[in-house]
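Comments concern the structure below.
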Amino acid sequence: MIKIYNTLTGHLDEFKPLKENEVSMYVCGPTVYNYIHIGNARPAIFFDTVRRYLEYRGYKVNYVQNFTDVDDKMINKANIENVSIKEIAERYIKAYFEDTSKINLKEEGMIRPKATENINEMIEIIQSLVDKGYAYESNGDVYFEVKKYRDGYGELSKQNIEDLESGARIDVNEIKRDALDFALWKASKPNEPSWDSPWGKGRPGWHIECSAMSRKYLGDSFDIHGGGLDLIFPHHENEMAQSKCGCGGTFAKYWMHNGYININGEKMSKSSGSFVLLRDILKYFEGRVIRLFVLGSHYRKPMEFSDTELNQTKSSLERIENTLKRIKELDRENIKGIDDCQELLATKKEMEAKFIEAMNEDFNTAQALGHIFELVKAVNKTLDEANISKKGLEVIDEVYSYLVMIIQDVLGVQLKLEVEVNNISADLIELILELRRNAREEKNWALSDKIRDRLLELGIKIKDGKDKTTWTM
């Protein structure tokens, strides 16, 4: 049974998707006015892992993550550079895919809508809110009237309207009826992109964008809505309010929010100037190391970014890979031990169950990784004893396949498992041996012997068997 910490209820809820064996999930994507930083990469990596795990457990996952390609930050960026907002969006969407390809996000089957491609869907929801009395037009702007949703507003962020009112600043322009009201549609201004609407030319507010895109691709009610902690209020609170009032569904059933990545003890953010771009980190650390670093902490807990932490993660990944390479390097033709590896098999089954148990408990990747390292330790112990039987080798191979599947397919951490001998890859050696076999079949003994002797000079000894040629160091 999978349990999810639901921000809406404030506790762990049993996960029961709306449709049997199918999960609908929407995660707020980036506003594409700059390159993404490591803090932006955290939700991308985590929710990609949620998707992978749910698929591993047999669910079909409909996963939507948007691009916000029109808002104040993008307009400011375009004006500063004296280019179109479309040019800014295209540049940074391209950069987003360049950067995230290194952290192995699963793009297959992914839906990535752009806000500007869904303006009509936004207008439809806004019109519904106006018709139902939850929104009003003022000088070409349209606002959601928060007090009309007094009983529901603040449910997600655990705030009440009275407290929000006391903390709200007084609006100078007096266009809004109340300081708490938020924009659904903004009247056109010079040097800003605009679209036709029943209220005149203008552009959408930020919050309505996600409501429209989640509705278009997942419906009025769906399973999981994800994003960073900083989005709970006002973004997600406003999303939920306008969607419930305008569309009539329950909107998201489970709300998941990841914690911040801090740098020098402060939340990483572009607005504060305290951030490190993902593409800059990728100059020094591989994307798979960054991905494992993110998964090494529970998603709701804050993380501290540092080179020290990344170097430790790199060492941990190398420990896994070195163990798996040891299995690949086994001299399989000379396995003569008596250990059937039943103890290792029992450990594998135990760790397999514990991995699922950890992931079922609110996707605890940190704990799940701990169980993986326990299994890696058990494998090394078995290999160190060097007493494996032929039957034991089958167990070793089963453990190998399981570890590769869990780490690469479920956690999404790519492994480098090519064995190298004196900087020559195992695959290259096999190719050379294939060429030698061809030479022998053609009775080109001189070439066959030359390949054998040259490999020996490199420290690689080959042995011709009846049906197969093997090699060892």
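Note that Cβ sites are derived from N, Cα and C of the backbone, with glycine treated the same way.
According to Swiss-Prot, the feature Zn(2+) binding site maps to CYS28, CYS210, HIS235, GLU239, an assignment based on sequence analysis. Summarising the annotation, Swiss-Prot assigns ATP binding site to LYS270 and lists sequence analysis as the type of evidence. If you look up Swiss-Prot, you'll see 30-40 marked as motif ''HIGH' region'. For 267-271, the entry in Swiss-Prot reads motif ''KMSKS' region'.
Recorded features from Swiss-Prot, shown on the structure.
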residue	record	DSSP class
CYS28	Zn(2+) binding site	coil
CYS210	Zn(2+) binding site	helix
HIS235	Zn(2+) binding site	helix
Check your understanding: If you take the centroid of the Cβ atoms of CYS28, CYS210, HIS235, GLU239, the listed Zn(2+) site, which other residues of that chain have their Cβ within 8 Å of it?
Key -> TRP206, HIS207, GLU209, SER211, HIS225, GLY227, LEU231, HIS236, ASN238
Point to revise | Long-range Cβ environment of CYS28 (Zn(2+) binding site), under 8 Å and at least 6 residues apart | key: PRO43, GLN65, ASN66, CYS210, GLY226, GLY227, GLY228, LEU231, HIS235, HIS236
Study note, to complete from the structure: CB contacts under 8 angstroms to GLU239 (Zn(2+) binding site), restricted to the same chain and 6+ apart in sequence, sorted by sequence, are HIS207, CYS210, SER211, HIS225, PHE251
Revision key, fill the gap. In this structure, the one of the binding-site residues CYS210, HIS235 whose CB has the fewest other CB atoms within 10 Å is HIS235
**Study point:** Whole-number mean of pLDDT values that fall within the motif ''KMSKS' region' (267-271)
**Key:** 71
